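Engineer: So Swiss-Prot lists the following for this protein:
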- 1-34: transit peptide (TRANSIT)
- 37-48: compositional bias 'Polar residues' (COMPBIAS)
- 37-70: region 'Disordered' (REGION)
- C146, C151, C157, S383: [4Fe-4S] cluster 1 binding site (BINDING)
- C177, C181, C184: [4Fe-4S] cluster 2 binding site (BINDING)
Amino acid sequence: MAASSTRLRCLYASSAPAWKKSPSQSIISLSRHYATTSSTTPSLNPDESSSSSSSTIPKRRKTTTFRDKLNAGPSFADFVTGGNGNNASLDPEEAYALEKVMIPGPAGRKKEHTRLPSWLKTPIPDSTNYKRIKKDLRGLDLHTVCEEARCPNISDCWGGSDKSAATATIMLMGDTCTRGCRFCSVKTLRTPGPLDPHEPENTAEALSRWGLGDDLPDGGAHHFAETVIKIKQKAPGILVECLTGDFAGDLDMVSLVAKSGLDVYAHNVETVEALTPHVRDRRATFKQSLRVLEAAKRAKPSLITKTSMMLGFGETEDQLWDALRQLRASNVDVVTFGQYMRPTKRHMAVHEYVTPDKFELWRQRALEMGFLYVASGPLVRSSYKAGEAFIENVLKKRRGVGNTPGAEVASAKDVPVDVLGK
């Protein structure tokens, strides 16, 4: 009976008029009213409160500076048309100017940063062939200049399927260099660790698996010779190019490598003579590099000699002309031009991003001077798209029609046993 009376009192209270409601109900209504975000003055009358709240329109949120900038910014049509209202493209000078941005910082410490032009951007490597080569390199404990020097063409070279694109640059004698050039990202150490005695065999094994045209940058002539011999024994048809250092001016070591059975002897002068002291290691000179290329040609006249130069250090046209004349006088057959790209902030800054048109101009000039082949472009590197098919045809003509590129294969007895054992 008590429960029934309680329920009846609740029903009576809910249906009673406002003036008969208890003071406690008015207080509850008032507290609920204050809990809302309405800016109107709260009323003690529940009916008045509900009617006023239902008719209240919420205030519009205050606009912000960011929203104003966003609304005043470019529309989707501006992005499609390039922001100039039409489909006209920018010339290289205008595009280059837009790539320069100012990095914020404290007063007096702001820096101007130049972003990479569009013609220097390459895809991220992710092909099946790329992964296969990388897996083999790790399994055989081999190193490549492609990775150590952060080459932008690694996706194209390792991921290619045809002979001209499938190129890997094996780096002999470990992944560390004893010199410290200001443009190179390869690790440097005054006294690297001992040589891996299995490296020549592993290199030959890797090349026989891949069937690539390979370059072998290294600083040890004896290690070079043994590696070339083993490669030619396992795969005589592979076009072998050795990119060597200057052997500290020891031309006997240059001759040893030149006679080991390789097809192309490459040694890079890197830049013009005037900038060499500022760009390369202090132990390297332009004249010494010329002597290396000349010695290789004397040791084996049918050998193709090759060098590479980077543009963008601040070289002048007169300096480039002078460098090409000296290279041609040294009987160099092939020259390549590429854009210098700064590996890290610790290395030399880029003075200029040379346009593709200018690279093409220097290609034509070099060909007119009598070079057999010239590869010139922003992404060209010493071993990238350097005319393997063209060079192979030249070698066939020099050795006689019908001979394969590996016809002149050296044997172990051609190199002194005591030299190979060192």
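Glycine too: its Cβ is placed from the backbone N, Cα and C atoms.
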Engineer: Which residues in the same chain, at least 6 apart in sequence, have a Cβ under 8 Å from the Cβ of C181 ([4Fe-4S] cluster 2 binding site)?
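Structural biologist: Long-range Cβ contacts: E270, V279, R280, D281, A284.
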Engineer: Let me know the most crowded of the binding-site residues, choosing from C157, C177 and counting other Cβ atoms within 10 Å.
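Structural biologist: Output for this query is C157.
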Engineer: Of C146, C151, C184, which of the binding-site residues has the most Cβ neighbours inside 10 Å?
Structural biologist: C146
Engineer: To the nearest whole angstrom, what is the C-alpha distance linking C146 ([4Fe-4S] cluster 1 binding site) and C184 ([4Fe-4S] cluster 2 binding site)?
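Structural biologist: C146 ([4Fe-4S] cluster 1 binding site) to C184 ([4Fe-4S] cluster 2 binding site), Cα-Cα distance: 12 Å.
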Engineer: Rounded to the nearest Å, what's the C-alpha distance separating C157 ([4Fe-4S] cluster 1 binding site) and C184 ([4Fe-4S] cluster 2 binding site)? Just drop the number here, would you?
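Structural biologist: Between the Cα atoms of C157 ([4Fe-4S] cluster 1 binding site) and C184 ([4Fe-4S] cluster 2 binding site), the distance comes to 20 Å.
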Engineer: Which secondary structure state does DSSP assign to C184 ([4Fe-4S] cluster 2 binding site), in the simple three-class scheme?
Structural biologist: coil
Engineer: C177 ([4Fe-4S] cluster 2 binding site) to C151 ([4Fe-4S] cluster 1 binding site): how many Å between their Cα atoms?
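Structural biologist: Cα-Cα distance, C177 ([4Fe-4S] cluster 2 binding site) to C151 ([4Fe-4S] cluster 1 binding site): 16 Å.
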